[in-house]
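J.: Pasting the relevant annotations from TrEMBL:
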COMPBIAS  1-10  compositional bias 'Acidic residues'
COMPBIAS  20-29  compositional bias 'Basic and acidic residues'
DISULFID  Cys47-Cys387  disulfide bond
ACT_SITE  His58  active site, nucleophile
DISULFID  Cys190-Cys438  disulfide bond
DISULFID  Cys239-Cys255  disulfide bond
ACT_SITE  Asp335  active site, proton donor
DISULFID  Cys409-Cys417  disulfide bond
Amino acid sequence: MAAVPEDEESLLPCGQDSEDSPRARRLEKTARWQVPSEISSDVPSQCHVAFAQVLSRHGARDPTISKSLAYSQVVENIKSNVSIFQGDFAFLANYSYALGADQLTDFGKHELVNSGRAFFSRYEDLAKTSQPFARASGQRRVIDSAQEFNKGFYSAKTAAGGTEDEEYPYNVTVISEAAGSNNTLDHGLCTAFEASNIGSIAQSTYAFIFTPAITVRLNANLPNANLTLTDTISIMDLCPFETVASLSSTPSPFCNLFTQAEWEQYDYYQTLGKYYGYGPGNPLGPTQGVGLVNELVARLTGKPVIDHTSVNQTLDTNPSTFPLGRSLYADFGHDNDMTAVFAALGLYNSTVPLSTTHMMTVEEMHGYSAALTVPFAARAYFEKLQCEGEEEEMVRVLVNGRVLPLESCGGDALGRCTLGRFVDSLGFAQAGGHWNQCFGASGETDDVEVA
């Protein structure tokens, strides 16, 4: 089976047409960027927020051009070779592939408008008199996401009667994704990492376990289609992509071709790609997030960035493109890079190595999964709090509404660490995070065992 490319999106499975079905509820949860939190996500009553940064993935988009062409070919094969479509497959008789490529869908734009509104609402005391300093990695869909976020922020601010913004539309600092560019929001410099395929190997191992039975069933319902294991993954991909192509996010009929158990396996397959491709399961995965972590430290402490990895020194030494002392910041990028940042921060250090031969539960993974951490429009909030009775400022991190326990710095019952302990816990990033291993002669990083 061909490995899924590393730009493959992290997507939750689609639901059934019934709004009361388990799958529909899971999709709805994704659309609202909400993950159950063991700790209340409310700002503690004795605290106020003095600083907030959001790190956001772009909104829902069409497949990449290469994947869109592949999906179109799978559909064409089915239409050309199958003469009878029955039951849940009946819709295929009149179906035509019409997805675009690479750009935000209208639903994706709506996601980011809502995200901007939510950011204003949560940090209204700060936002009434200021706006976030925004940066975006240089792909069109990411830039558009930043602009849609700003649109939502501004509309919420205007509705709340905040200070009139003569600066609107707000500027977005764009960081180039051209080959060789230093960009903390887009990996590409670490040659040993770019040459590795640990994530693809992990996914392929599990795909050979969970897709054969599904493929047999699909072929039984689509005589003469002769679908492969790769085709099965492609057809599953069409559920979320077709769903987010609709502004109302009406679940695609492709979603009903698979059971709840099969969608859970698909979720796990996507999770393996992130964990072993960009997360703790890849020796150089966390390294790709080091630059942004060091930028976060600079913003939290108000001190210049110290980094020799992926930071763009030209931008970060210029106060107009990397200002310090602001209360609100917003960075926009991709799911893979967010996964690396979370790993560099140690947010999921309690997650044990993921099995590639059997599906682990979210509980076993201590709340980690691609669907819960980096779906379309995913957002992480980094908050600095000033709290009564505390001499030092406190830090909290929320990922899609879930307060992370911050175990690496001894987080308290409210998920807080002192600023000093939080910064001290980031020694991996501040020491360069194995960046010196990026440029070895062999580039071999595939000798790591996967459970």
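Glycine residues also receive a Cβ, built from the backbone N, Cα and C atoms like all the rest.
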J.: At the Cα level, what's the spacing in Å between Cys255 (disulfide bond) and Cys190 (disulfide bond), rounded?
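T.: Cα of Cys255 (disulfide bond) to Cα of Cys190 (disulfide bond) measures 38 Å after rounding.
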J.: What is the total of other Cβ atoms whose distance to the Cβ of Cys387 (disulfide bond) is within 10 Å?
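T.: For Cys387 (disulfide bond), the count of other Cβ atoms within 10 Å is 18.
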J.: Can you figure out which of Cys47, Cys239, Cys387 (the disulfide-bonded residues) comes closest in space to Asp335 (active site, proton donor), comparing Cα atoms?
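T.: Smallest Cα separation from Asp335 (active site, proton donor) among Cys47, Cys239, Cys387: Cys239.
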J.: Taking the Cα atoms as reference points, how far is Cys190 (disulfide bond) from the residue listed as 'active site, nucleophile' in Å?
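T.: So the alpha carbons of Cys190 (disulfide bond) and the residue listed as 'active site, nucleophile' sit roughly 23 Å from each other.
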J.: Of all the disulfide-bonded residues given, namely Cys239, Cys387, Cys438, which is spatially nearest to Cys417 (disulfide bond) at the Cα level?
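T.: That would be Cys387, the closest of Cys239, Cys387, Cys438 to Cys417 (disulfide bond).
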J.: If you measure from the Cα of Cys239 (disulfide bond), which of the disulfide-bonded residues Cys47, Cys387, Cys409, Cys438 is the nearest?
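T.: Out of the listed candidates, the nearest Cα belongs to Cys438.
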J.: Look up Cys255 (disulfide bond) in the DSSP assignment and report helix, strand or coil.
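T.: Going by the DSSP assignment, Cys255 (disulfide bond) falls within a helical segment, counted as helix.
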J.: Can you grab the distance from Cys438 (disulfide bond) over to Cys387 (disulfide bond)? Cα atoms, rounded to a whole Å.
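T.: Counting only the Cα atoms, the answer is 41 Å.
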J.: Who sits close to the residue listed as 'active site, nucleophile': which same-chain residues at least 6 apart have their Cβ under 8 Å from its Cβ?
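T.: Same-chain residues close to the residue listed as 'active site, nucleophile' (Cβ under 8 Å, separated by 6 or more) are Leu104, Gly108, Leu112, Gln139, Arg141, Val142, Asp144, Ser145, Phe332, Gly333, His334, Phe376, Ala377.
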